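The structure under discussion appears below in the form of structure tokens.
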Ligand SMILES: [Zn+2]
């Protein structure tokens, strides 16, 4: 159990398959948090919405029913069940009256597919000593059950450290000591940061984990029930989430959309066509009695989360996750901040991005953010390896040229002249800088769409790339032709002759 196979990749995100005792779980996936006693939403409804997995709390079950049978029998559910262990209660109330060995023994008895040991969450503490203690204690507890855990359950290694990135690193690296028994890793405690819209911190925490955790290990994020952050978290390599937000928000009359959370009282229209939204208006929901309204709102909220997970997966499948992030980042300034933070780690995104676009469709280039997409970064590195054939370069601006560039009449004219006169021919294209003509029919150099006119930052980037290239490759004469709006004639003066 616990074999994880990566099927599709885009940026550092992936679609994977995790083998569990109750079937193969396709990731990225969302585990709705189910209260084991209250059961606000029936398991049958969960299935109907499309969730074949949920997470519940082994600690709460233990407190209420020590004679609990096998968990799948009790819940009458044949999908994947994950159990948390009481760490959330520690975060909420400071302590729980159970120890790690007891809860692990209990989890072995009720037999979920995936289980978590009783870790000590770092939470949102700003006390470094406390954060260090939570990391050390959690690692100690993993060690103390190491010989107790078996292969029937996928055991989760909790990564702690909170906002202290060096502690997260240590916590992640220590996973290697236990990796033959623990097949699943989970990052703890970002819930408060997410609630406070401190998405940038969450991004840097995830980058720290994904940089130090083997690519083949699935990564869960505790909490993380805000749909608008799901694409970014997935793009950084998160494979699953859990959250009770759908029900907590519902109790507060809050309606989740893919981009934000709205108060039911402020709504006139439902921007959704799920079972609930197709049938009722916001006013009708408000007039219902409390229990009925909460249930319906929770169902809608789950649909909204499901929709976002599926949209993200489809974007991975099409190889357009970067463009999807650009689109989603405009939903809220805090999401845009998170996106910008993620772009700082473009090396990581490029490293994991497999460079294959399954649909073969062109890439869409919008604004300066697009300069950071893996295809552009990778091209920049390849361009550095270009070997000049002569001392003279001809730069033809892309404006008005047909593609593939090599078939354009003007380009062909210059290519034949330069063969005679021994010159290297390049096409000047915003975002890329310049493209050696004989490379121009390879992906994505012939397949891109860009927004025009290009903004000043993109133009500056392009000019920097060109100047740098000409200097490094020692061209003594540079001729610029066909330039209208790009205004790069001045580059011609770079030539040293
Ligand atoms: Zn709906």
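Yeah, the Cβs are placed from backbone N, Cα and C, and that goes for glycine too.
Automatic prediction, not curation, is the source of TrEMBL annotations.
Annotation for residue 84 (active site, nucleophile): same-chain Cβ neighbours under 8 Å, separated by at least 6 residues, are 55, 56, 57, 58, 59, 116, 222, 242. Taken from TrEMBL, the feature active site, nucleophile applies to 84.
Here residue 119 (substrate binding site) comes close to 85, 87, 138, 141, 158, 160, 188: these same-chain residues lie at least six apart in sequence, with C-beta atoms under 8 angstroms from its C-beta. Positions annotated as substrate binding site by TrEMBL: 119.
Cβ neighbour count for residue 277 (Zn(2+) binding site): 20 (other Cβ atoms within 10 Å of its Cβ, all protein chains included). Feature annotation from TrEMBL assigns Zn(2+) binding site to 272, 274, 277.
If you look up TrEMBL, you'll see 13-333 marked as domain 'tRNA-guanine(15) transglycosylase-like'.
Contacts of residue 272 (Zn(2+) binding site) defined by a Cβ separation under 8 A and a same-chain sequence distance of 6+ are given as 257, 300, 303, 304, in order along the sequence. The 10 Å shell around the Cβ of residue 274 (Zn(2+) binding site) contains 18 further Cβ atoms across the protein chains shown. In this structure, the recorded positions that sit close to ligand 1, with a C-beta under 6 angstroms from any of its atoms, are 272, 277, chosen from 84, 272, 277. A helical conformation is recorded for residue 277 (Zn(2+) binding site) in the three-state DSSP classification. Shown in sequence order, 270, 271, 273, 275, 276, 278, 300, 303, 304 are the same-chain residues outside 272, 274, 277 whose Cβ sits within 8 Å of the Cβ centre of the Zn(2+) site.
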